[in-house]
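Reading through the structure tokens given below for one structure.
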Amino acid sequence: MKKFLITLMMALAPMTASAAGGAGVPLDSFEGDLTDQASLQRGMQTFVNRCMGCHEAGYQRFERAAQDLGMPNALVEEYLILDPAAKIGEHMKSAMAKDDAATWFGAPPPDLTLEARLRGSDWLYTYLRSFYKDESRPWGVNNAVFPDVGMPNVLEDLQGKVVNHCTPEELAHSQDEIDPLTGKTMGGCLTVDEAGSQSAEEFDKTVYDLVNFMTYMGEPSRLESERLGTKVLIFLAILFVFAFALKKEYWKDVH
Ligand code: HEC
């Protein structure tokens, strides 16, 4: 009996521990919630409106997202498929030609379907909130976790203009939690100078939803497995009652 319980606990442990982040620079931690459909829907909307001008999610179909996120196809067709030629069954492709993009930006905007898996959701969540003004860069912005990035701050109108008060070394250092010499954290280096249309909390929420959606895209089957996982647990619990009753029945004459 004890053995059975231990085995059961070991089988369940990975579900609660979830995928812990890898080593590297400490980033703002991101705890996604793939069951929050409203958040995923808002994230998809931001992704379509703000990112797909340059990036695509070439392995994600609109229809599958509609299904997984609980949205009627007609609504997705009307509000989320901006390219009039694209159909619901198609992948989330960008209209921008790759060669043009590489010429304009120096580096082509990569496909973002699996970006959350590639870089990690923590990284994405930090990256999108870490742009700051830097006149020496072509787009007038730089990024704390992606130095000399070739992407403009496409969320600047929401976040506002961010200034950096630290030297590049301090900025890089400040991500190691708190710098013991200066006592500064990354939050201390970057502050909003000119307010955007959202407050700091609202902006964090917008990026949260966006990264939540990108996490879903990276692992569409996780939504499915989480739902299935609950059913399996209920099944196991019921099975346990019967197995236990049966065990009692078998052993009752032995003792
Ligand atoms: C104006 C075009 C443009 C838009 C709009 C845009 N990006 Fe980018 N993005 C780029 C370019 C160009 C790069 C490549 C930068 C480089 O490698 O220096 C990039 C790089 C990235 C990277 C890093 C990729 C990697 O791993 O190297 C991420 C993540 C990213 N973009 C996310 C987003 C998200 C999320 C949005 C929407 C909120 C967005 N981008 C909107 C042009 C754009």
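Cβ atoms are placed via backbone N, Cα and C, with glycine included.
Marked as heme c binding site by TrEMBL: CYS51, CYS54, HIS55. Taking the Cβ of CYS54 (heme c binding site) as reference, residues of its chain lying under 8 Å away and at least six apart in sequence are, in sequence order, SER94, MET96, ALA101, PHE105, PRO109, MET151.
Per TrEMBL, the feature domain 'Cytochrome c' maps to 38-221.
The signal peptide annotation in TrEMBL covers 1-19.
According to TrEMBL, the transmembrane segment annotation covers 228-246.
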- Query: Which residues, in sequence order, are found in the same chain with Cβ within 8 Å of the centroid defined by the Cβ atoms of CYS51, CYS54, HIS55 at the heme c site, excluding those residues themselves?
  - Reply: ARG50, MET52, GLY53, GLU56, SER94, PRO109, LEU112, VAL154
- Query: According to DSSP, which of helix, strand or coil covers CYS51 (heme c binding site)?
  - Reply: helix
